[in-house]
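Annotated features, as they stand in TrEMBL:
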- 166-188: domain 'C3H1-type' (DOMAIN)
- 166-188: zinc finger (ZN_FING)
- 180-190: compositional bias 'Basic and acidic residues' (COMPBIAS)
- 234-307: domain 'RRM' (DOMAIN)
- 367-382: compositional bias 'Pro residues' (COMPBIAS)
- 391-402: compositional bias 'Polar residues' (COMPBIAS)
Amino acid sequence: MALSKSSNTYGRTSWEDSEFPILCPTCLGDNPYVRMMKEKFGSECKICVRPFTTFRWCPGARMRFKKTEICQTCAKLKNVCQTCLLDLEYGLPIQVRDQALNLKDNIAKSDVNKEYFIQNAEKQLSATDHGVPGAAGGPGKSHPPSDLLMKLARTAPYYRRNLPHICSFWVKGECKRGEECPYRHEKPTDPDDPLADQNIKDRYYGTNDPVAEKLMRRAATLPRLDAPEDKSITTLYVGNIGEKMLEKELRDHFYQYGEIRSITIVSRQQCAFVTYVTRSAAELAAEGTFNKLIIQNRRLVIRWGKSQGKQNIPGTTNTEAGARFEPVPGLPRALPHPEELEHNFFNLAPTTSAFPSPYPQFAPPTYPLMAPPPPNPTPNQPELPGFLAEGQSSIHYPSQDPTRLGAINKTRQT
């Protein structure tokens, strides 16, 4: 005997009833006091065609109303949002996630097999963690993170996706609502754009998804971080750390790549510098964190540090390339080199020190040694002290100059 109604009509025990939907932060909106309208068995799932409890809400001001499209059982099998069908952990389409993690879709697609598969899946969900979905790929399964997913994942909600649709009457010039129109008054994009034609089943099963294909093309052109040629560079620049980032949080993540010499945080510029002991550890850290590191819901910018430039010799204006520039007129000249300084403060004859210093630029001023008196002094010439050179009658001290004390030389009149 043929039945006039589907099997779901008689199997009401398989209908799904829930108290709150499974949503991503973008679909839920930024309003913490969102009001939801709940309708028990209000619609059928777009995937398994079973009646389920629907929810409808407005995610924010000037946004369109959204509602759940698939049941919670189908959402848990793929770990996706009930509205946008994007992965709850990375915010990416299912096709991108499955390709990055090498997952195979084993969900039945025919009507008979689908119903049997859903019933078995519900039993497994109820037996594991009270129906809480596992990681990507199904309940109770976990997979290691992929570099591709970490690069493409969103770190913050994208609320622009909740904007209203474009008003078709305004495009034709027939909309008479004006500012009261709940739809957007904007020109549509290219009608041949593949993103304008999306199918909810293709997105769920991960086949022929135009959004996923666009992201995969973007992943093929992502920039790379090449190591500098200077092998002495072992410092990484970490940007976009925020004002509340602590050194412990950076050290807890970067220590896994090697021994850290120092971590310097510049709060005003919201950046930090991580210096490793070895170059190999710095290269591992750069490869493992570039476009992947997310701390406090912030994607950190990773760059290689710059090498310290060679310091110029004091007293010269040469650059690293060897070019010489003329000094700017009106500005003080450079200080003389220590070797060019003369330490003859007392007008003594130049002599050499008996104890040469290994560092001439830091050597103390040289003083003359005590020399023996001349062998045959003339009777009319007074004997000079041994520390005076020939032709020098006395030692001149700057403090002995009477003009320094304000004296004026005046001749007496006889």
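Just so you know, glycine gets a Cβ as well, placed from its N, Cα and C.
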Given the model, what does the mean pLDDT over the domain 'C3H1-type' (166-188) come out as?
90
Work out, from DSSP, the number of helix, strand and coil residues along the compositional bias 'Basic and acidic residues' (180-190).
1 helix, 1 strand, 9 coil
Mind tallying the domain 'RRM' (234-307) by DSSP state, helix then strand then coil?
22 helix, 26 strand, 26 coil
